[in-house]
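Remarks on the structure that follows.
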Amino acid sequence: MKDPITVSITGAAGQIGYALLFRIASGAVFGPDQPVNLRLIEIEPALPALDGVVMELDDCAFPTLNSITPTADLAEGFKDADWALLVGSVPRKAGMERNDLLNINGGIFTGQGQAIAANAKPSCRTLVVGNPCNTNALIAMSNAAGMPSNQFFAMTRLDENRAKSQLAAKAGVHHSKVTNLCIWGNHSATQYPDFTNAKIDGKPVTEVITDREWLEGEFISTVQQRGAAIIKARGASSAASAANAAIDTVISLINPTPEGDWHSVAVCSDGSYGIEKGIMASMPIRTNADGTWEVVQGVPVDAFSQGKIDATIAELVGERDAVKDLIP
Ligand SMILES: NC(=O)C1=CN([C@@H]2O[C@H](COP(=O)(O)OP(=O)(O)OC[C@H]3O[C@@H](n4cnc5c(N)ncnc54)[C@H](O)[C@@H]3O)[C@@H](O)[C@H]2O)C=CC1
Ligand SMILES: O=C([O-])CC(=O)C(=O)O
């Protein structure tokens, strides 16, 4: 067994938390030889429910679970964290867009960013799941003085997985055959699931699925609206698939990306692809053998894609401007 790593998770008593904690504790994310300390952060009123989750974690007797610290105190919650998974926040209800939550949730991420900078390991990586996740990640990153911006991420992997599943179903293949699927921009209804560069079994999607009207229309809107469709059907926002995507994101950021492929996650833009510097935008990312990551350069952007990317980036710039009071 290696030395334990520490994973801090906010919103640990919530729906996503319930689907996330057990897989992290079981070794399914960091490996069967990697003990994990879980620091579980909740607001005071949710601490009794969190106690129940802790009892259940105890009752799993996971060999890889080293310790559990349930707390409402951010300093204690982020102490020595190697990873901070910021899930805790209010989900949207039917009829809302995710950025309708900015006023409700944005403020949560100022104190959490500060607490990460003050208490976590300097190498701590932070993944924001709570919506609107791109701009919440921007708020956390901007308030985490001294922490490198390349250690902050926002989750668009659920969108990537959704897009792969839609393309696979249309082509009649298993979803594992779909690669090079980039989600550009915001985790919102303006996101662009880029079918123009995606591949099925190594061939361009556009050669396998020749129904361009479907690709440009129904495919994109289905992916953009999938969260809303789940809220309508389930009466609550996606939780198990969101937890799964958070796990996929961490696994993709700690393991080298397969040759020629990429994965989607929102990172702080360095200006690549003309995306405004400093906003948290999803783009094609590769993880290197040494654990660093980079934006994949040279992915072709045709006129159709550029229009879609411009729209989602404009939305992100608008969100950033709307929260400027939360950004020091
Ligand atoms: N990026 C993505 O792809 C996705 C993001 N989400 C978002 O994830 C968030 C959580 O969703 P659920 O777990 O379903 O919601 P939930 O309501 O079941 O759980 C949220 C938990 O966060 C806690 N919480 C609220 N404020 C907190 C704070 N300041 N500090 C710590 N904990 C706090 C609540 O007490 C609650 O237990 C929502 O914002 C949702 O919209 C959901 C699905 C996908
Ligand atoms: O749609 C929502 O509000 C929850 C979410 O982010 C998703 O399922 O993608």
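Glycine is no exception: its Cβ is also placed from the backbone N, Cα and C atoms.
The domain 'Lactate/malate dehydrogenase N-terminal' (7-152): residue composition by secondary structure is 66 helix, 26 strand, 54 coil, according to DSSP. According to TrEMBL, the domain 'Lactate/malate dehydrogenase N-terminal' annotation covers 7-152.
Taking a C-beta cut-off of under 8 Å and a sequence gap of six or more, Ala13 (NAD(+) binding site) has these contacts in its own chain: Leu40, Glu42, Ala46, Leu47, Ala49, Leu50, Gly52, Val53. Annotated NAD(+) binding site per TrEMBL: Gly11, Ala12, Ala13, Gly14, Gln15, Ile16, Gly17, Asn105, Gln112, Val129, Gly130, Asn131, in sequence order.
The annotation substrate binding site is assigned in TrEMBL to Arg92, Arg98, Asn131, Arg162. For Asn131 (substrate binding site), the Cβ neighbour count at a 10 Å cut-off comes to 28, with all displayed protein chains included.
Taken from TrEMBL, the feature domain 'Lactate/malate dehydrogenase C-terminal' covers 156-322.
For His187, the entry in TrEMBL reads active site, proton acceptor. Within the same chain, residues at least six positions away from His187 (active site, proton acceptor) with a Cβ under 8 Å of its Cβ are Arg98, Asn131, Pro132, Cys133, Asn134, Ala154, Met155, Thr156, Leu158, Asp159, Ala266, Ser282.
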Can you tell which of Gln15, Gln112 has the most other C-beta atoms within 10 Å, given these are the binding-site residues?
-> Gln112
The rounded CA-CA distance in Å from Arg162 (substrate binding site) to Gly11 (NAD(+) binding site) is 24
When DSSP states are folded down to helix, strand and coil, where does Arg162 (substrate binding site) land?
-> helix
Quick one: which of the recorded positions (Gly11, Gln112, Arg162, His187) have their CB closer than 6 Å to ligand 1?
-> Gly11, His187
Distance filter, Cβ under 6 Å of ligand 2; input binding-site residues Gln15, Gly17, Arg162; output none
Are there any residues in the same chain, six or more apart in sequence, whose C-beta is under 8 angstroms from the C-beta of Gly11 (NAD(+) binding site), and if so which?
-> Gly17, Ile41, Glu42, Leu86, Val87, Gly88, Ser89, Gly130
Among Gly11, Ala12, Ala13, Gly14, Gln15, Ile16, Gly17, Asn105, Gln112, Val129, Gly130, Asn131, the record's NAD(+) binders - longest CA distance, Å | 20
